[in-house]
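What TrEMBL says about this one:
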DOMAIN    B:8-169  domain 'P-type ATPase C-terminal'
TRANSMEM  B:28-51  transmembrane segment
TRANSMEM  B:71-91  transmembrane segment
TRANSMEM  B:103-129  transmembrane segment
TRANSMEM  B:141-163  transmembrane segment
Amino acid sequence: MGKAKDRTGPLARRPDNSAFKQQRLPAWSPMLTANTVLPFFYLLALMCLLLGVWLLLTVQSTQELKLDYTDLGSCSECYELRKNVSYAEQGCRCKVEFYIDQTFKGDVFFYYGLRNFHQNLRRYMDSRDDAQTVGRESQLKNPSTYCEPFIKDKDGVPIAPCGAVANSMFNDSFSFNYQTSSGHIMPVPLLRKGLTWYTDKNIKFRNPKTGNQTLAQVFEGTRQPLYWQKPVYDLDPSDPTNNGFINEDLIVWMREAAFPNFKKLYGILNRAGDPFTHGLPKGNYSIQISYNFPVQPFQGRKLVVLTTLTWFGGQNLFLPIAYLVTSSLILLMAVVLTVAWWKFGKDGKNMKE
Amino acid sequence: MVKILYLLDCYPQLYCPGQLNMYFSKKAFVWCMLHSCYSSLVLFFIPWGAIQDTVRDDGRDIADYQSFASLAQTCLLVVVSAQLCLDTYYWTTVNHFFVWGSLAAYFAITFTMYSNGMFLIFTSIFPFIGTARNSLNQPNAWLTMFLTSLLCVLPVVALRFILMQIRPTINDRVRYKMQKDTLPAPPPRRPVRRVSTRRSGYAFSHSQGYGALVTSERFLFKRPIKSRLAFSVQPDGPLARNLPQVFRPIAEELHESQSSKS
């Protein structure tokens, strides 16, 4: 009985007699048996335990220092000053001191941290114009309406960069000093570049094409955001690769944090010269802070964080502890399963019909 | 599929779970909801805890909104695929293709959506540029995914195993029996070739049958035709007497057909 015969007549539409069409494909049918499930659970418990211990040791090898300077020492005067919006134009400097008791070996990263600042609020996150910051000429003087009300100033001049995110940029600045054993105060050199993702710096943020104009001329006809002290083309006039929209501090700030307590990279220790070749030596340090960012209106706090890193990241004990807890839970489950199997299901005694 | 139909024939108790509404009842729904609440909590809070105070290994940001969203989403995909693998009882090549293929498609689509080209063409629609590349190359992210999938999938496995030990359902018993005694291939229900007229389709037992035709004078005085045609009836067969047919296995049938030839 060939297929040709079936092409006409009452059996013309019968499906082919292939394994695929007759649902006879070879199949693997796994089943939860004791001799697969139980060793699997024990193995996983062991693996989680080893992972947890390894991660814990890795995280413990990092060193971290967190310093809340919102109203610490002389900064409390600046804190009081910043409560009043009418003094916003007035500068305020304060000094904070701290002591490192153990050398921070390796690369040291400096962060500024904020607490209770919700960069993840939806209206806030929408209030930006990525097309403007990617350097589109058409959007420079005509930003998207998502930036309302931070889109034009009272004279109708468009704002660049527009939006609430850019407007609320963190503008405290720090300079760190180290007191050597001889009492001499020397500044701690920081690298203030290389703080951003490659894609952010090179693709997401671009200055509008300059041609033979200066950056200031390109931005003619726009204004700086209302809360800024300097226009965007003056953020770092000494370095054209860090000026305008591609300024690293701006890019770091524009990458909105997921949670209300966050930290953002400010600088990396420059280990070129003594005594910082091996990291931050132990001793007395002080920070000169230019205190501009007001946090009292939202009951926020400001911090400075110094940390060393490993391949796993900074000092975050959540994942190692979670692995250890999970490993003990899995072990407990495995023991319970073994007991259940031994008592009820061994040799298939529960499967009798 | 053929196997399943065969099982339903041999073990009619397999119909019971359906009739008793075991798998689609209010209780099943409540269990499902509890399981999803637990999974949702795990899928949010484990990435939250892992990401909230961390940075990448080169000091740059990983605790940003886009990386967190992308990580939570990838954790979800991994957990869902693992759950799907648990629920798949017959792994054919088609299953393999679609399960691994959908995971691969997810990563392909994600990387495409977060690529430079998409951002430059549709700037406001695809603002997540670079997120997948910068967060998924961190071992931190993969360890988070592994932990999340363990916490979501292992309780299900443990629960199923315990229920199988303490209160095995009819499905479990049948599968166990099938695995234990490797059953022979089920005998075919009816052959394709209609050499013998005894094996014509049972559907004819519903119809009037050919009694009138067969007992008419056309047939009574002729030898029964050794037929290769379908639908002809033996005069003394059960159909002729308007009785339902009984199926015989092949060996007996061949012997009978040989005897009918002679």
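In case you wondered, yes, glycine gets a Cβ from its N, Cα and C as well.
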Sequence-remote partners of the transmembrane segment (B:28-51) [C-beta within less than 8 Å, at least six residues beyond its ends]: 22, 62-63, 67-68, 71-72, 75-76, 79, 140, 143-144, 147-148, 151-152, 155-156
Close approaches to the transmembrane segment (B:141-163) from elsewhere in its chain (Cβ under 8 angstroms; 6 or more beyond its ends): 35, 38-39, 42-43, 46-47, 50-51, 62, 71, 74-75, 78-79, 82-83, 86, 135, 169
Mean of the pLDDT scores, which run from 0 to 100, over the domain 'P-type ATPase C-terminal' (B:8-169): 92
